[in-house]
Amino acid sequence: MGAGNSYNFAITLFAALGGLTYGFSNSVIGSVLGLPGFFSYFELRPTGPGATYETRIVGATSGLFAAGGAIGSFFLKSVADSLGRKRAIQIICIVCMISGALQAGSVHIAMFLVGRFLSGIAIGLIVSIVPVYQSEVSPPSQRGMMVGFHGGAIGCGYCSAAWIGYACYFAKNLSFQWRFMLAAQCVPPLILFVGSFKLPESPRWLITQGRHQEALDILKRLHTGKLSDSTEDSEDEPSLAQREFQQISLQIELERELETGPWVMVTKKSYRKRLFCGVFTQAIAQSTGVLVINNFQVSLYNGLGLYGAMPLLLYALYLTNSTTWNWIGAFLMDRTGRIPMMTFGLCGCIVAVSLESAMVAEFGGTTSRVGNSFGVFFLFMFGTIYGSCLDASTYVYSCEVFPTHLRAAGMGVSICGQFLFTLIFTQVAPTAFASIGWKYYLVFIIIPIFGAMIVWKYFPETARMSLEEIGEKFGEPVAMHLNAVGGEKALVILSENLDKEKQMVPQPAAEELTETT
């Protein structure tokens with residue numbers, strides 16, 4: 001595609017409600033754990049006798065959500081490839097609403113935990129499929145920004161949950177405090193579900209299903225119209241939409257001919273590298289400690305000597321700041337490139353967490369206003385760096401590195417890696433903070449150091465390339481480039497690239513494509 005138009009912006013921005021759904025559902029627990037009504041209703045005691053039980057429940061709340069997310073994202077391929085991107089989004093929204101209602105109506109802690117687990121499954125699916133959909137309807141020159149809307153919306157979800165949590169703290173009805181917060185999870189997926197009927201299906205998925213005319217019609221609408229999109233265009237001068245349609249079709253045909261089975265993502269060297277890039281990107285982002293800092297931030301402020309409504313207010317301000325930088329990062333991504341942004345973000349997070357751990361070690365639990373103020377400042381510094389450099393870019397990069405027929409599967413496995421790392425870090429966080437305190441931060445300093453070096457040295461840049469052309473970065477053939485003329489020349493390009501690849505990977509029916517073309 002060329003430059004994006006208002007239609008591109010509208011559909012990718014609206015689809016980002018899936019990111020808002022994820023952000024709110026993920027962050028809501030951070031605010032709920034700061035509401036006294038939640039603890040009193042379920043008879044949980046943060047201090048004194050019973051504190052150990054409360055610590056385990058808090059850990060289970062985050063752990064079950066992350067475990068559900070890992071399961072949901074792992075099965076993304078089954079949902080997205082069989083039903084299509086649009087229909088899958090609709091079904092996932094329904095599950096999100098059911099799980100939110102289950103949590104809000106909980107009458108026992110076990111019921112709440114079941115709802116949290118179901119919510120994790122739905123959230124794992126929606127946080128994976130939305131960037132896949134956005135990437136498949138965005139132009140190469142602005143794909144970073146449009147898929148970056150997903151990261152920006154995630155920040156908005158976090159921010160909304162924090163401010164609603166702060167407001168609910170002052171509610172006189174203690175049961176209303178936390179039930180209203182959890183019920184609010186249902187609003188974003190409800191809006192997305194209703195509006196999704198106006199969204200176009202992914203043209204790339206339609207082509208894989210043989211629905212070529214529908215795909216071409218959608219591609220025409222996705223383009224700016226600077227070149228004629230009439231079906232009367234000649235074979236020598238096809239429109240940009242027709243050239244992209246031809247590129248996608250030929251690339252899918254090429255990849256199908258070279259397919260070697262259901263385990264191709266781990267048996268083929270170039271696909272293994274794609275998979276490593278996708279999973280590692282998500283895992284290393286979580287290794288900065290972002291969700292530990294988010295989910296347990298109220299507790300971190302308590303450790304700095306801040307109590308009452310103040311931790312909730314600071315938490316809301318922290319997320320407002322981070323969200324602002326999320327959107328700035330999305331708009332800068334196509335200019336700076338993915339790799340420089342992610343590398344700088346990892347390095348910046350290392351510095352911020354190092355300084356924060358020093359403040360907690362030196363001033364945690366004291367009345368030092370200067371020390372505690374710096375502790376709060378470095379948390380905000382972390383949010384600024386992560387929001388601007390990592391939150392949006394990691395989702396963009398993870399879905400870009402996979403070919404069309406493996407994008408849902410690859411993105412699902414990548415997000416599964418995110419949730420598994422989240423599960424590990426958040427499950428042990430309450431116990432770790434209680435037993436070793438600030439030393440737990442060292443995990444989020446050491447791992448990203450190695451991660452930054454790996455990303456900078458080994459990860460290929462994907463900015464401003466069509467999804468089909470990114471395969472070249474992994475040593476794979478490209479059926480045709482968008483600047484190639486259509487018709488016979490495109491078929492020659494396809495045949496030549498296919499022959500080269502098959503010399504490297506022998507196939508039983510290597511002559512069939514040459515005969516048909």
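Backbone N, Cα and C atoms are what each Cβ position is placed from, and that goes for glycine too.
Looking at the stretches 1-19, 58-76, 77-95, the one that TrEMBL records under the feature transmembrane segment is 58-76. Only pairs six or more apart in sequence are counted, and the transmembrane segment (113-133) with the transmembrane segment (409-428) gives three or more Cβ pairs under 8 Å, enough to call it a contact.
For the transmembrane segment (440-459), the partner stretch with the highest count of Cβ pairs under 8 angstroms, out of 58-76, 275-293, 299-318, 373-397, 409-428, is 275-293.
Counting C-beta pairs under 8 angstroms (sequence separation of 6 or more), the transmembrane segment (339-361) reaches the transmembrane segment (275-293) with 3 or more such pairs. The stretch with the most CB contacts under 8 Å to the transmembrane segment (58-76), chosen from 145-166, 275-293, 299-318, 373-397, 409-428, is 409-428. When each of 145-166, 275-293, 373-397 is scored by its Cβ pairs under 8 Å to the transmembrane segment (299-318), the top-ranked stretch turns out to be 145-166.
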